[in-house]
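**Q** Take a look at the following structure, please.
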Amino acid sequence: MPSAFQFQCHFVLIFLAASKGETRYLEVRDAGEDEPFLLLSEDLKRELSAGQIYRRSLRCIDMLSIEGQFTFTAEQPQLHCAAFFIGEPEELITIDYNFVNIDCQGGDFLKVFDGWILKGEKFPSSLDHPLSTSQRYVDFCESGNIQRSIRSSQNVAMIFFRIHEPGNGFTITVKKNTNLFPCNVISQTPSGRFTMVIPHQHRNCSFSIIYPVVIKISDLILGHLNGLFLKKPTVGCAGVGDFVELLGGTGLDPSKMFPLADLCHSFHGSAQMKIGCDNTVLRMVSSGKHINRMTFEYHQLDLQETENRKENSIEEFCFPSI
């Protein structure tokens, strides 16, 4: 039975499931079932590699993982619309306004949010983003021609819009730029491998996987020595300036998730854990004194793995939503 978080993210998860042939989240169908397969087709990839610009209409609720030009034209009053954009972990997203015809005085709006927000939960969390929550919104009705190009701070961004008058709308162009040191990331897929590097920067970085997963950390460099601690009230990495948190939960915001384990010291080898949460996050806290580095791989937890709990399995900490 899907949780509340899965319902909130249904259009995101449909896209993610389609990309890997998964069906776990396909019980809710709404935001266009054919488009994910179109976006992933080899013919489309060849066309785009030849220099053509991908164009299509934007839906009131939409999910996009590809560069291109997207146009929304209201056929009726649309009061609660959002489009979510996602790139590869090492990409930033730029949204350019090409054409905007909305009635700001009549209650219309078009806002870009730096990250994702669902039901008040944000990614990256307020603790991990360099800007305040209010600064993460760019309102076209307030900025107008002053800021017609907005770049995200991570591989996800979104727009909110409300349009009352049929025929009104806008056109945007979505581009992707290389991020040499990816910090906050939402994974597009339920499996993969990633290396997170924070080079002498005082910042926190989170890698979010919206699936129950098996995580294998193969290398962790924090500038000091070995240790892995399951989270207990009196045990953890308090007082250690550089460490990694393993978090699990049913929402989007890492700051509201349950702390499962702390990794306080460097090690070379393997640390593997099963996490049965709807969302799993690896969060690196960095003091800026060291070059911190973590390499890990992950794959979706299947039903058999969920049933066969082992000593390093901590899925019991994840509770279903009521």
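Heads up, the Cβ atoms here are built off N, Cα and C, so glycines get one too.
All annotation found in TrEMBL is predicted automatically rather than curated by experts.
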**Q** Identify the disulfide partner of C264 as annotated in TrEMBL; candidates are C237, C277.
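**A** Disulfide partner per TrEMBL record: C237.
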**Q** Which cysteine out of C60, C141 is the one TrEMBL pairs with C104 in a disulfide?
**A** C141
**Q** C81 (disulfide bond) to C104 (disulfide bond): how many Å between their Cα atoms?
**A** 16
**Q** Fewest other C-beta atoms within 10 angstroms of its own C-beta: which of the disulfide-bonded residues C60, C104, C205, C264, C277 fits that?
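**A** Taking C60, C104, C205, C264, C277 as the disulfide-bonded residues, the minimal 10 Å Cβ count falls on C104.
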**Q** Can you tell me which of the disulfide-bonded residues C60, C183, C277 is spatially closest to C264 (disulfide bond)? Compare CA atoms only.
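**A** The smallest Cα gap between C264 (disulfide bond) and any of the disulfide-bonded residues is with C183.
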**Q** Quick one: of the disulfide-bonded residues C104, C205, C237, which has its CA closest to the CA of C60 (disulfide bond)?
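**A** Closest by Cα distance to C60 (disulfide bond) among the disulfide-bonded residues C104, C205, C237: C104.
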**Q** Based on DSSP, tally up the residues of the domain 'Corticotropin-releasing factor binding protein N-terminal' (52-177) by helix, strand and coil.
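**A** Summed over the domain 'Corticotropin-releasing factor binding protein N-terminal' (52-177), the classes give 13 helix, 67 strand, 46 coil.
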